[in-house]
Amino acid sequence: MATIGRRAYAEMFGPTVGDRLRLADTGLILEVEADYTLRAGSYGEEVKFGGGKTIRDGMAQAQHSRAQGAVDTVLTNALIMDAAGIVKADIGLRDGRIAAIGKAGNPDTQAGVDIIIGPGTEVISCEGQIVTAGGIDSHIHFICPQQIEHALASGVTTMLGGGTGPATGTLATTCTPGPWNIERMLQAADAFAVNLGFLGKGNASLPGALHEQIDAGAIGLKLHEDWGSTPAAISNCLDVAEATDTQVALHSDTLNESGFVENTIAAVGGRGICAFHTEGAGGGHAPDILRVVGEANFLPSSTNPTMPYTHNTLDEHVDMLMVCHHLDASIAEDLAFAESRIRKETIAAEDILHDLGAISMMSSDSQAMGRVGEVILRTWQTAHKMKQQRGWLSPPAAGQGAGLSSAAGQGVDHDTRNDNFRIKRYLAKYTINPAIAHGISHEVGSIAVGKWADIVLWKPAFFGVKPALILKGGQIALAAMGDPNASIPTPQPVHYRPMFGAFGGAIAKTSLTFVSQAGLQAGIGQRYGLRKTLSAVRGIRGIRKRDMVHNSYLPQMEIDAQTYMVRADGQWLSCEPATELPLAQRYFLF
């Protein structure tokens with residue numbers, strides 16, 4: 001039987017089982033766990049498009065029509081990186097969703113084909129490229145619409161949060177307050193080739209004004225200290241969420257005016273809640289908001305300005321906080337408020353808590369102390385830093401926060417030749433976990449059959465920093481594209497340009513607007529004149545930290561109020577600030 005060298009095979013068809021590759025300029029090494037293209041029985045039946053290649057009439061392209069099962073688009077030889085596993089496979093898309101993951105080809109001439117390529121099938125060649133689900137940023141201040149282009153260009157395809165533009169309230173808090181503002185933002189969402197969902201304002205001691213926001217289409221409610229995150233407001237807001245199957249996002253009381261972290265935990269009363277700013281400097285009860293990392297009903301997340309901890313982190317934060325929260329440096333109390341939130345000890349602990357899987361999600365806090373285009377980049381910088389400082393990460397024992405794991409990957413994860421488990425843990429922080437937390441995992445968050453085809457392609461050398469292609473609902477929405485007047489697509493200047501999926505009526509068919517079940521049932525789509533596909537959030541109120549994939553660790557947390565030292569299960573958490581990081585200047589010379 002004819003053979004081919006492993007390197008030559010990888011260069012032609014992409015890596016296969018046992019092959020390893022480096023993620024950009026990080027120290028993270030990925031290993032392929034399984035190869036679904038081998039369902040044909042052996043190597044040699046791979047599909048590939050091009051002159052003299054196999055996807056031709058009568059070869060790997062069948063005669064099947066769409067009605068006979070041919071897919072709309074096939075992604076060939078993709079290296080799928082997902083929290084559930086790292087596998088090589090072909091991906092078939094139909095009707096804007098992932099229809100199949102497996103072996104593509106012509107069932108009349110090939111064995112094991114579960115994705116039919118027909119005359120009506122488009123091909124996206126993924127040989128040598130990494131494929132991930134589109135990222136989810138669940139902490140968006142909708143301050144300006146230009147954020148959306150930057151987020152999409154970074155690989156984020158779903159943005160959840162609140163705001164109305166550069167209003168003073170939105171500059172500080174992620175709330176779209178009231179039915180009128182919610183309606184306007186849902187109408188604006190029709191213009192953008194990303195999935196959007198809006199949080200109403202949850203700060204109220206009576207339920208009426210909160211119910212009307214959910215009825216208007218808000219996917220949940222945001223409690224922010226700048227509006228008064230009192231125990232009464234927290235409890236009332238959660239009462240409404242329980243009644244409407246929506247999420248509550250909490251930015252708790254930094255000043256401890258209306259209570260301490262213990263009072264907030266008591267007000268939550270064991271109900272599920274998204275704890276935004278469960279972190280070292282972003283806000284919430286000072287200095288011990290990290291206590292909630294050990295609570296089973298709190299779903300903790302970080303924003304990216306403190307991630308990872310570097311020697312520049314502390315210096316930039318005071319001025320940044322003063323601007324974002326409408327503070328005055330000439331007022332001593334305002335300055336003290338700002339300085340109380342910025343603690344190097346808790347910032348350092350935040351990195352380690354992410355590596356332990358104790359903080360479950362990453363987000364941006366866009367233009368309100370966070371950078372909307374750097375969620376993915378900073379997640380992988382943190383993973384790299386933690387490998388440098390803490391070494392190889394072993395998977396936890398069964399039942400200790402391991403989350404999902406493909407059968408193929410269970411053995412590979414324990415091999416010190418690769419960082420597969422750490423990769424899955426960090427990937428889950430901005431894909432499947434925010435999807436689960438906000439009730440949208442039935443639509444997005446992973447590469448899985450039936451889900452919306454929000455897919456990002458990466459060349460390994462640019463992984464995490466500059467995607468090659470971004471698909472929304474099965475259609476290319478954004479791409480790194482060369483000079484449109486050139487004779488081929490690659491000449492300089494190459495930069496991100498909107499593609500056909502980002503224009504006209506295609507936006508409405510390829511992107512989702514998330515709304516409440518109450519809003520969908522009330523017919524807000526027709527009433528507001530919305531064009532986008534609407535999808536209701538669901539299954540939220542039973543979600544607990546145990547449901548956070550690869551990030552469900554519940555340590556006993558201790559934070560010293562005087563020294564700010566952080567301990568998890570008795571272990572002191574501290575690390576040095578980074579002085580140099582990957583995915584940085586090397587990628588942004590031009």
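Glycine is no exception: its Cβ is also placed from the backbone N, Cα and C atoms.
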Which range of 156-184, 243-271, 388-416 is region 'Disordered', per Swiss-Prot: 388-416
From K201, K222, K451, the one annotated by Swiss-Prot with H139, H141, D365 for Ni(2+) 1: K222
Rounded distance in angstrom between the Cα atoms of H139 (Ni(2+) 1 binding site) and H277 (Ni(2+) 2 binding site): 10
Listed in sequence order, residues with CB under 8 A of K222 (Ni(2+) 1 binding site) and six or more positions away: G161, G162, T173, T174, C175, L199, G200, K201, G202, V248, A249, L250, H251, F276
Cβ-centroid neighbours of Ni(2+) 1 site H139, H141, K222, D365, 8 Å, sequence order: I140, G161, G162, T173, T174, A249, H251, F276, T303, S363, S364, S366, A368, G370
Greatest C-beta neighbour count within 10 angstroms, which of the binding-site residues H139, H141, H224, H251, H277: H139
Cβ within 8 Å of the mean position of the Cβ atoms of K222, H251, H277: remaining residues of the chain near Ni(2+) 2: H139, T173, T174, L223, H224, E225, S229, A249, L250, S252, F276, G283, G284
K222 (Ni(2+) 1 binding site) in three-state DSSP notation: strand
